[in-house]
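First comes the structure, then the notes that go with it.
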Amino acid sequence: MRNQITNALSDFFFEYETPRQVLVRNRRVGVVCRLIQLGVLAYIIGWVFIYEKGYQSTDTAISSVFTKMKGVGYTNTSGYERVWDVADYVFPSQGDSSFVVMTNYIITEGQMMGKCPELEGKHNCSSDSDCEVGAFKRTGHGQMTGVCVNSTKTCEVLAWCPVEDDHSIPDPPLLMSAENYTLFIKNSVTFPLFGVKRSNLVESIDGDYIGKCLYDPKKDPLCPIFKLGDIIKLSGFNFKTIAKEGGAIGIVVEWTCNLDMDIKQCEPEYHFHALYGNPGEKEDVKASVGYNFRYAKHYMEDKIQKRTLLKVFGIRFDIIVQSLARKFDIIPTLTAIGSGVGIFGVATVVCDLVLLYLLPKREFYKNMKFKYTDTPAQDPDSEAAITGSDEKK
């Protein structure tokens, strides 16, 4: 028993087993095998290493965006002149990555809390019974008092009076000058896996350059200052069309960096996308057009609280940062090579199927590839002798 264990351990540690190989001289099978191997090799080199860069590890960035608007607008409505600066037309004013620039508005001045007729079309009536006391209408301006105003044939409401009339939107837009406003974008990114920090104010940008540059996709692709009219045009919208009722534009700051190269080559690219609506779509088929919101400025006059209500039509800008950094790493490299070597086994499997099942001499190749053995029948006398010797023991 001890000798058997010793021999087994000796065979395990000091012997090497290798599979038996059969060299088949067949042109068709040889060509199929080499074509499959060439295809696998092209996949590994072309797709895995060159296109997908399987020899590099990847990381996405943690980013921060700061914005600043500049420009002055002018309006003259009913003889009333007004100048609009950044504090008037940008919402919110904190320099966020998502903000709205006002391009058109409807203003209702001198509103005060009281009772007044509802706007025509909001809740028409023919008698007081049509105006339920204390009821609200979703599209109305206030609470109904139960009175039908004969002069307007609408229900009287308790609301901020006079109620806003937004049936007519100014055309052309009141702040067409917004086309010449400028937007400054400051973006910083950090790739924590590689310990790399970058800013869109790259090495070639200094104070003098920022003071005179304006973004152009061909002449100045790295300038971080953008003219609003250019942004709208590059996104596919017409400025006058979007300025009338508002819309939304996406500004994508894209970082695609190969950190195996010089770090100075890690630079941003800017892309512009129309988010709200299709510029070529007809206005009459849209369910909801544009972008707008309301805000009020409250004040006291003769000890009475009043407000000025503005319905703002504006362009919403969403600045989106997309990032991907790559750098050589031995682990994904070895993984890609190992998986490629494994795929080479496909050629062997395909060629074996051709040899053993498709070729006319398949029986001959089966006999050459496989070795068959039969279990010999044991002699009864020898079996009895072995049993007797075991009983004596």
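Every residue, even glycine, has its Cβ placed from backbone N, Cα and C.
Per TrEMBL, these features apply:
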TRANSMEM  29-50  transmembrane segment
BINDING   Lys68, Met69, Lys70, Thr182, Asn292, Phe293, Arg294, Lys311  ATP binding site
DISULFID  Cys116-Cys161  disulfide bond
DISULFID  Cys125-Cys148  disulfide bond
DISULFID  Cys131-Cys155  disulfide bond
CARBOHYD  Asn180  N-linked glycosylation site
DISULFID  Cys213-Cys223  disulfide bond
DISULFID  Cys257-Cys266  disulfide bond
TRANSMEM  336-359  transmembrane segment
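Counted over all residue pairs in Lys68, Met69, Lys70, Thr182, Asn292, Phe293, Arg294, Lys311, the record's binders of ATP, the longest Cα to Cα distance measures 24 angstrom. Of the candidate binding-site residues, Lys70, Phe293, Arg294, the one lying closest to Asn180 (N-linked glycosylation site) when CA atoms are compared is Lys70. The two recorded residues Lys70 (ATP binding site) and Cys148 (disulfide bond) have their Cα atoms spaced 49 Å from each other. Put simply, of the disulfide-bonded residues Cys125, Cys131, Cys155, Cys223, Cys257, the one whose Cα is nearest the Cα of Thr182 (ATP binding site) is Cys223. Straight-line distance linking the Cα atoms of Phe293 (ATP binding site) and Cys125 (disulfide bond), rounded to a whole number, equals 28 Å.
Under 8 Å, Cβ to Cβ, and six or more positions away along its own chain, Cys266 (disulfide bond) finds Val196, Arg198, Trp255, Cys257, Asn258, Leu259, Ala325. Take the Cα of Cys161 (disulfide bond) and measure to each of the binding-site residues Lys68, Met69, Asn292: the nearest one is Asn292.
Met69 (ATP binding site) sits 44 Å from Cys155 (disulfide bond), counting Cα to Cα. Within its own chain, Cys213 (disulfide bond) has Asp220, Cys223, Ile225 as residues 6 or more apart in sequence whose C-beta sits under 8 angstroms from its own.
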